[in-house]
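Lifted from Swiss-Prot, the feature list:
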{"type": "ACT_SITE", "residues": "C138", "note": "active site, phosphocysteine intermediate"}
{"type": "BINDING", "residues": "H137, C138, V139, M140, G141, R142, S143, R144", "note": "substrate binding site"}
{"type": "DOMAIN", "residues": "47-193", "note": "domain 'Tyrosine-protein phosphatase'"}
Amino acid sequence: MSSCVEKSRGRNPYAAVQVDPDSDYITPGTLDLEQLFWSGPTAQYAHVNQVWPRIYLGDEKTALERPALKDLGITHVLNAAVGKWNNVLTGADYYTGMNIRYLGVEADDKPTFNISQYFSQAAEFIHEALIHPVLVHCVMGRSRSATLVLAYLMIKEHLSVVDAVEHVRQRRCILPNHGFLKQLRALDIALQEEKLRLKRKDE
């Protein structure tokens, strides 16, 4: 998937793209995608929100409160903010004795950071966890972790980037940075191209 994203990233990120000429769906340009976060009602900020069945998107406070995780029934934690600066210092050892599986990724909340390198790994981790509740978090639960949840919904639940954004923002106050939106847009194009390839193969 990452190679497909790299190919799609070479296109003009500000232009809308219609991959399938027989479909009404058009991948929006990055600026139009960004506007989705400012149009219509959105959820108020909270420490944690359930944004999909058994998927909780939250912040540092939620990740550090072991009793709260137990109350939610969390069995898997994806920390999208591993590192020493502007990050959450937990790790697998932090959850010792809680029967929690942990995945940490070192993602910087910078527009230039390549978060797409974690899309497939994070999507697989979330997908395998979904018999039970999973927490995906970063520091604020708005950019890095939100981006990985959006990628999951696109890869595993087959939502378009537009539908994924609309679904999650109605349940949590999120705002991935501009660079992350470019990468989600590239993922959307790659997934649409794969869908078209399979469609033509079956014709």
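Cβ coordinates are placed from backbone N, Cα and C, and glycine is handled just like the others.
Apart from H137, C138, V139, M140, G141, R142, S143, R144, the substrate site neighbourhood in this chain, defined by C-beta within 8 angstroms of the site C-beta centre, holds D59, E60, A80, A81, D109, S145, A146. According to DSSP, H137 (substrate binding site) is assigned to a strand segment. Under DSSP, R144 (substrate binding site) is assigned to a helix (H, G or I) in the three-state scheme.
Look at the domain 'Tyrosine-protein phosphatase' (47-193): DSSP puts its residues at 68 helix, 21 strand, 58 coil.
With the fewest other Cβ atoms inside 10 Å of its Cβ, the least crowded of the recorded positions C138, V139 in this structure is V139. Of all the binding-site residues given, namely H137, R142, R144, the one with the smallest number of surrounding CB atoms inside 10 A is R142.
The candidate set comprises the binding-site residues M140, G141, S143. Of these, G141 has the most other Cβ atoms within 10 Å.
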